[in-house]
């Protein structure tokens, strides 16, 4: 039996109406029960993805790519006056809420219009991502307006948000996994492990709804060409702290580059960025080297570094130039030389290795990679419990132009997508922060034509955003121009020269210190923040958390983090 989109939206409204995580879980369980009652296990996949503002699975690295301007044009095409919709958006601060309030003004094509099903909405939105070429914008507007016309105000509320991929109901992957754990009577930590490997909440949901054996189902195992989120490190206050905690850690050079995940099956190679983008065609020289590795199939992880003629790292932006280049690869390849320092192996000859300790994974890696690979090198490492030797290795890593050291527990397994306490990073300066732009204000003087000041935010456990300051320095005029063009495409509303934007642009911020402050809800503020880099290789999921801020604050005050 088909599930109506309105049935889902009614429960989404309940979820949005509470701030309590347990209540959100209980309401989500109502959706699971609806799926079971209607015998529609495939629909739980769609519900889960929609709940977190996605039409596609994370590993697919696809977006609808519809900005507020196209959505507003689609709304206008249904019969709502442009000034009316703009004023209502300004009053509510949300296109979805504004559309719900004005939904009665939409011209209905028929009094007997059939309400859209969940499947119909999902299929219509997936089509949007395939529309390209001439007249594509008009075609997208026509598709969006066709589904809006069939929808009730509550459906329009969530349709608008889903089109912008920002549902604002406070659902996160951990909350969904909590609901699964309770309803299907499965340990949450087991579900977290499976999700980390498949990187697809919809697939896991569908398998649970089908009552599959989730522990032995082949589709729920680590697979070649289905990238996973990388394991992330925490910050530590000193080398000695790490030795006290781990005994004899494995120290590795922290390279000044971009993380890559390399998949190989027979003679086919795919390389993914940290955001899980397929960058294979942009770095052909690395692809050719990977083909020469003697392995039937594998997944390895490393840091891609741009090198100058003296063997020292070039600026980070040069790597992004290579990753973004789609055409004339040969010319930029000769200009920007790349090398990948491989530090982990996750899969080898049809076997997942992520449950093996690091010391065993490293041993396998060292047998596979040899010095004959010019563009692929194993990361420099030192395993020791001697602080002086570790300090010398750290100083050497800095002397060759890199950022510091990674400190890893040799007995630790690989935990995809988690910021773990078995891997730390140690650098000579305070850790920079990855934040997302939430508002932008026009500049002054010669920069008055561009957005020049940005409100920036970090996240909490549930991925809610919290402002931590404003930043305006550190950007070139070219970067300001490019940012302004990007912001125009993701602007939700503009009030007094300040644009409220979709949280999609990630900045790396340096600062003098983190201060306690009651100015912002998170309780902290940045002193003298400055943009270090525009991180096009990162998404909102990669930004720092309030927990990270607290840890850095403790370290700068000499309290440590252990």
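Quick reminder: no glycine exception, Cβ is built from N, Cα and C everywhere.
Record note: Swiss-Prot gives 252, 259, 274, 303, 343, 419 as ATP-binding, and the candidate from 309, 425 in that site is 425.
The separation of residue 254 (active site, N6-AMP-lysine intermediate) from residue 419 (ATP binding site), Cα to Cα, is 16 Å.
Residue environment of residue 425 (ATP binding site) contains 17 other Cβ atoms, counted within 10 Å of its Cβ in all protein chains.
For the ATP site listed in the record, the two most distant Cα atoms among 252, 259, 274, 303, 343, 419, 425 lie 19 Å apart. Among the listed binding-site residues, namely 274, 419, the Cβ with the most fellow Cβ atoms inside 10 Å is that of 274.
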